[in-house]
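What Swiss-Prot annotates here:
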TOPO_DOM  1-9  topological domain 'Cytoplasmic'
TRANSMEM  10-30  transmembrane segment
TOPO_DOM  31-164  topological domain 'Extracellular'
TRANSMEM  165-185  transmembrane segment
TOPO_DOM  186-473  topological domain 'Cytoplasmic'
DOMAIN    187-239  domain 'HAMP'
DOMAIN    254-470  domain 'Histidine kinase'
MOD_RES   His257  phosphohistidine
Amino acid sequence: MMKIKYLYQLLLSHISILILAFVIIISLFSHFVKEFAYQNKVEELTSYAVQIANEFQSGQVDMRRLYPYQDILSTRKTQFIIFNEEQQPYFLPEGFHHPPREQLKKSEWNKLKKGQTVTIRADGRFDDEVSLVAQPIFVQNEFKGAVLLISPISGVEQMVNQVNLYMFYAVISTLVITILVSWLLSKFHVKRIQKLREATDKVASGDYDIHLENSYGDEIGVLASDFNIMAKKLKQSRDEIERLEKRRRQFIADVSHELKTPLTTINGLVEGLNSHTIPEDKKDKCFSLISEETKRMLRLVKENLDYEKIRSQQITLNKLDVPLIEVFEIVKEHLQQQAEEKQNKLMIQVEDHVIVHADYDRFIQILVNITKNSIQFTQNGDIWLRGMEGYKETIIEIEDTGIGIPKEDIEHIWERFYKADISRTNTAYGEYGLGLSIVRQLVEMHQGTVEIKSEEGKGTKFIIRLPLTAKQQ
């Protein structure tokens, strides 16, 4: 299949339309000019014929009065003949040698007798093609003859040809200018499309940083804007894929590390038991360590499975109206020992009437995970569990006086196994950030929001907002 460049396609389409338009316009204009010239010639002859015929209204006419008409008409190369009622000419112009009876046909003479004017725009009955007008002469309503005016149309044809020639020159000039302008415009548009093609090639090769400058509001400009948006989205997708891949690798490394530590401990203890190198009085402690490390691995696996179920929305929430102070008391009782081990104080601040609309077990899980995170990074400090009523919502705050979180790490704290501080790598269960990942997913499933306010060295505050039911509102 023959390939034609887009530039030439544009030019060909423009030129084809122009040529077609010019052909139609020239044809119509030429026809109009010709018709107008003939019509004008016939009207002029008719006007003179009527004036000459009016000279006979009195019944008698001095032939000398016709000579001025002859002089005027001769300058226009027009001749006239006057016939009597028997179709015999009794006034002939000088040098007119045609047989008189051949000047008018019988049908034309009959029309004249009826008082009708005979007009013929182009007739070839004479040596030259002429326009012909015959006007009847009536005296007191009695037919007395006719006036015949004859004018060659060569002048009309010459004028029409001259107009057509000028039209041809104008069309050629316009066509040349149009082709030049069309070439420049086509080059301009093709250049813009070429930039789009080059940008597309770069995107195809993996360069998503490309940006097309665009200051036009036409379709190509809109396409360039859409291309920039597409490239931006592709770049974001690539960055997100790379980030997720990095997180996946880090996740695998973290899980492997966290599983390796208890497995190494368990393996060492089992080998010690098998080889009887562990004293009898230490075996109970050995079994206790094996049990703790096994539970630690089970918790890790359970947390991951739980997170995936929540993320894929495979769990169903059973929301109830629960007194907030009741939940706070359960969380405090559950984590009191862990807090005391780090010399922390757990304190509750909530009025008895404050209600939260949530899934009981999952809401406790949310508070336990956040509170455990606060205990983990607070030493000899205070941890507050606060609750209050907001506008159509319940507000829960968990605030500590711990080490805080760097500003640049706050948005990443919800990621699995993310460690915002190097101190998180060697702490007990809870350092993985897995609990906070679950928190965010669960809060969103409750149609709520959770945010973090933190300042390094001063502490961290988690703010949870859960909507109330219609009845409570």
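Backbone N, Cα and C atoms are what each Cβ position is placed from, and that goes for glycine too.
As a summary of secondary structure, the topological domain 'Extracellular' (31-164) carries 59 helix, 36 strand, 39 coil according to DSSP. Beyond the ends of the transmembrane segment (10-30), by six or more residues, the same chain brings 4, 160, 163-164, 167-168, 171, 174-175, 178-179, 182-183, 186, 189-190 to within a C-beta distance below 8 angstroms of the stretch. Under 8 Å from some Cβ of the transmembrane segment (165-185) lie the Cβ atoms of residues 10-11, 14-15, 18-19, 22, 26, 29-30, all in the same chain and six or more residues away from its ends. Neighbour count (other Cβ atoms within 10 Å of the Cβ, all protein chains): 11 for His257 (phosphohistidine). Secondary structure of the domain 'HAMP' (187-239), assigned with DSSP and counted as helix (H, G, I), strand (E, B) and coil, comes to 39 helix, 0 strand, 14 coil.
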